[in-house]
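Q: Below is a structure I'd like to ask you about.
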Ligand code: NI
């Protein structure tokens, strides 16, 4: 898959009163490389409408577009890929439906899950939650930066560190070896979404320079 | 599509303490022609496991198997079709994903919706809710038997009357012209699921005999 370092997921509850597509466009202007639509509450039709808006914007900005969970929506809007959790459709079944060309990302919380995803043909994995988070409904215990180190040592497909990553703790994650990070609330809930996104990009660039 | 007259939808909240697949198997033994898996609460993985069980049983009994909403699950277990509401993926988009051979059923509550589904290539429609019901989360006002009459007069694809249909009111629905009915709580919540299913079949047969 196309190289990436900053992955931003929608989180509409973090920006009441602002349109989702405006917030995500600012994140793209600030340098987000991948946008994921995650919406487990709206009707399918509403998710589809949101996906159409993001598909258009991500085309405009040359950004990769991933849909969480809703394979049907991803296919309908021709998203670049889907992201699945451990309780979603199994990777092999999903691959059967979407075909070889769509990206499939898998959330992992333990090294066996990470290795299974790699062996099963995932294009990338999420590794986390690194820190405590209340972004997702079903909260998993944080795995800490030791999991980032373990994945870096033992998995060869791209991994993106996720979960509670903020400007105040991102350096810990980068020092643990993450080269790609996923951010939700700190970016989409920011007063200055574009500026905050740029700050994360700078931290990523700095870590790369030091490496 | 294969002719049918009694369509039974899962409703696990109506049979606490009993396994869903046992209840649905009894409905098949009693003469259900179509079984639909409707589950908007479980994880995708749990829905998939339920669908696998029902797919096996419906094969065994020669019963048509429909999955509500979860197109990915329907494709994975090779269900006979999917059922979509007005807030689900639009019919044309769903057809694109499932191909020409899968059945697609559409819930309708107004004659324009019924005609749109027919024009869009639906294989059948649901017409209802005929009576008040609290089976679905998002309750729609009942459309009464007048809607059954309207659909019968104006729509040419098979329609199945749905919503609050019980043994005490099924004759009203049949007299309004329905030749296919959908039942949830009265069957899956019955103490004698098979016997209750048989009673509905008798009422359907009697109405047919009189027609
Ligand atoms: Ni739905």
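Counting begins at 1 with the first residue displayed.
Heads up, the Cβ atoms here are built off N, Cα and C, so glycines get one too.
Where the annotation comes from TrEMBL, it is an automatic prediction and has not been curated.
In case it's useful when we look at the structure, here is the feature table from TrEMBL:
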type	residues	note
BINDING	A:36, A:37, A:38, A:39, A:40, A:68, A:107, A:136	4-amino-2-methyl-5-(diphosphooxymethyl)pyrimidine binding site
BINDING	A:69, A:88	Mg(2+) binding site
DOMAIN	A:6-187	domain 'Thiamine phosphate synthase/TenI'
Q: Against chain B, with Cβ pairs under 8 Å, which of the binding-site residues A:36, A:39, A:40, A:68, A:69, A:88 show up? Give them in sequence order, please.
A: A:69, A:88
Q: How would DSSP class residue A:38 (4-amino-2-methyl-5-(diphosphooxymethyl)pyrimidine binding site) in three states?
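A: Residue A:38 (4-amino-2-methyl-5-(diphosphooxymethyl)pyrimidine binding site) sits in coil per DSSP, no helix or strand.
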Q: Looking only at C-alpha atoms, tell me how far residue A:39 (4-amino-2-methyl-5-(diphosphooxymethyl)pyrimidine binding site) is from residue A:88 (Mg(2+) binding site), rounded to the nearest Å.
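A: Here the two Cα atoms are 14 Å apart.
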Q: Between A:38, A:40, which of the binding-site residues has its C-beta surrounded by the fewest other C-beta atoms within 10 Å?
A: A:40
Q: I want to check the contact list for residue A:69 (Mg(2+) binding site): same chain, sequence separation of six or more, C-beta distance under 8 angstroms. What comes out?
A: A:38, A:40, A:82, A:83, A:84, A:85, A:88
Q: Compute the average pLDDT of the predicted model within the domain 'Thiamine phosphate synthase/TenI' (A:6-187).
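A: That region's mean pLDDT is 96.
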Q: At a 10 Å cut-off from the C-beta of residue A:68 (4-amino-2-methyl-5-(diphosphooxymethyl)pyrimidine binding site), count the other C-beta atoms across all protein chains.
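A: Here the count is 22.
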Q: What residues, ordered by sequence, lie under 8 A Cβ-to-Cβ from residue A:36 (4-amino-2-methyl-5-(diphosphooxymethyl)pyrimidine binding site) and sit at least six positions away in the same chain?
A: A:7, A:8, A:9, A:10, A:65, A:66, A:67, A:68, A:83
Q: Where does residue A:107 (4-amino-2-methyl-5-(diphosphooxymethyl)pyrimidine binding site) sit by DSSP, helix, strand or coil?
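A: Assignment for residue A:107 (4-amino-2-methyl-5-(diphosphooxymethyl)pyrimidine binding site) reads strand.
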